[in-house]
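Remarks on the structure that follows.
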Amino acid sequence: MLAVRIYNTLTRKKEEFKPLVPGQISMYVCGPTVYNYIHIGNARSSIAFDTIRRYFEYKGYQVKYVSNFTDVDDKMINEARAEKITVPELAEKFINAFLEDTTALNIEPATLHPRATHEIKDIINFVKVLIDKGYAYEVDGDVYYRAKKFQHYGELSDQNIEQLEEGASEHINDEEQNRKEDPIDFALWKAQKGPDEIAWDSPWGKGRPGWHIECSVMSTKYLGNTIDIHGGGQDLEFPHHENEIAQSEAKTDQKFVNYWMHNGFVTVGKDQEKMSKSLHNFVTVHDILRKIDPQVLRFFMASVQYRRQINYSEENLKQAATILDRFKNTLTNINYRIADDTPTKTSEDLVKAINETEEKFVAAMDDDFNVQNALTSIYDLLPVVNANANSDNVDKDALKLFEEKLAAWLLVFGVDIKKLCAQTTGSNDEEIEELVSKRDEARNNKDWATSDQIRDQLKEMGITIQDTPQGTRWTRD
């Protein structure tokens with residue numbers, strides 16, 4: 001098995017991937033805070049790491065994939081109050097919405113989807129260990145982490161303590177300044193602010209966990225003290241992932257993660273502004289899937305290398321749809337030939353081209369999941385396949401091999417060729433077949449005017465007609 005090379009955010013270089021257990025991968029990806037529908041930017045992370053997971057599975061690895069739900073924090077509390085429902089009710093609503101959206105996008109379910117509120121006992125025990133080891137301290141029911149005590153603090157985000165303290169001092173209020181030993185200390189446990197705020201009993205009084213501690217607890221509980229891969233958006237690199245390292249390694253005295261991976265942002269508009277809820281420039285997956293095919297959105301977002309930014313636009317979505325149509329039309333074309341009565345002949349050149357494409361596909365994906373090069377290798381094969389399918393020397397066995405390989409390659413990107421070929425956007429297949437039959441009848445009767453009229457009608461419907469010795473074929477444009 002050829003080695004995958006991964007860009008490790010911690011070391012800032014590509015490294016050969018070596019799992020802790022040969023043939024098995026432990027993978028943790030930070031999930032959503034479930035106070036609203038996910039937007040396209042949130043979905044980028046889910047799609048990027050699902051694509052990476054699928055490629056590992058394509059190579060034969062067993063992947064244990066854990067992705068959490070943050071179901072309690074300030075945003076959850078504020079939104080629940082605004083909707084006049086409880087925090088658990090809000091969480092249930094948007095967890096279900098998340099699962100519906102990700103299912104529509106053909107994102108594989110996580111092996112486990114732990115929820116922060118289901119792990120309170122373990123969170124409290126984790127915090128107690130940090131206090132006992134001198135890494136945390138309690139102030140009036142709040143518990144803070146002593147960031148400066150952890151000697152590697154700032155390494156993931158490539159910042160030194162002085163830079164971090166200067167940045168933190170600009171954002172801390174007077175009350176926090178008086179409570180914290182240092183501006184860069186962060187909350188592990190937050191005291192209840194009022195009797196109506198959701199809270200749990202703890203050794204420090206009623207309260208709830210901080211955001212960062214939740215992921216440390218859930219990742220180490222379900223994947224062990226050291227994890228192969230930890231992923232998330234670039235915006236989580238600091239402070240969230242930096243704090244996860246500090247918490248986890250202080251508790252376990254072991255390396256927390258071997259490979260840190262961060263996906264790029266989704267941008268919008270000519271200025272390519274980052275999509276975010278705070279900037280009010282976001283589009284939810286829930287809304288966009290009412291307008292476009294889920295496979296188009298999925299393929300569009302999976303077809304850009306995970307570390308690069310994606311510019312979300314209608315034009316780019318149309319380009320993705322056009323590429324999927326090329327795949328679909330090729331599959332339609334070869335299935336016509338496989339099903340017809342033409343005897344099959346052996347084409348060593350086509351088989352060789354398919355095998356060479358597979359080598360190029362694997363080489364590209366092994367290079368930090370270079371999806372653009374991987375897809376280019378497939379695109380370059382399509383004319384070769386179609387040329388064989390349209391020739392008198394058709395190799396049906398090779399066409400079947402191509403279809404099998406294409407199904408596996410596209411599934412890495414979350415595209416199911418059975419669903420792709422079953423799509424009936426616009427006119428349905430029966431209507432088209434009826435018009436094609438009428439045109440064939442007109443041609444047989446040498447009624448060229450009617451034949452041309454039907455061809456023009458089909459063209460307006462987005463259907464291209466091809467007359468071959470084996471009969472009339474049609475494809476959607």
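Glycine too: its Cβ is placed from the backbone N, Cα and C atoms.
What Swiss-Prot says about this protein:
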type	residues	note
BINDING	CYS30, CYS215, HIS240, GLU244	Zn(2+) binding site
BINDING	LYS277	ATP binding site
MOTIF	32-42	motif ''HIGH' region'
MOTIF	274-278	motif ''KMSKS' region'
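Take the CB of HIS240 (Zn(2+) binding site) and look out to 10 A: across all protein chains shown you find 16 other CB atoms. Residue counts for the motif ''HIGH' region' (32-42) under DSSP (helix as H, G, I; strand as E, B; rest coil) come to 3 helix, 2 strand, 6 coil. The residues near the Zn(2+) site, meaning same-chain residues not in CYS30, CYS215, HIS240, GLU244 whose C-beta sits within 8 angstroms of the mean position of the site's C-beta atoms, are TRP211, HIS212, GLU214, SER216, SER219, HIS230, GLY232, LEU236, HIS241, ASN243, in sequence order. CYS30 (Zn(2+) binding site) carries neither a helix nor a strand DSSP state and counts as coil. Note on the motif ''HIGH' region' (32-42): its mean pLDDT in the predicted model is 94.
When other Cβ atoms within 10 Å of the Cβ of CYS215 (Zn(2+) binding site) are tallied across all protein chains shown, the result is 27. In this structure, GLU244 (Zn(2+) binding site) is part of a helix by DSSP. Classification of CYS215 (Zn(2+) binding site) by DSSP places it within a helix.
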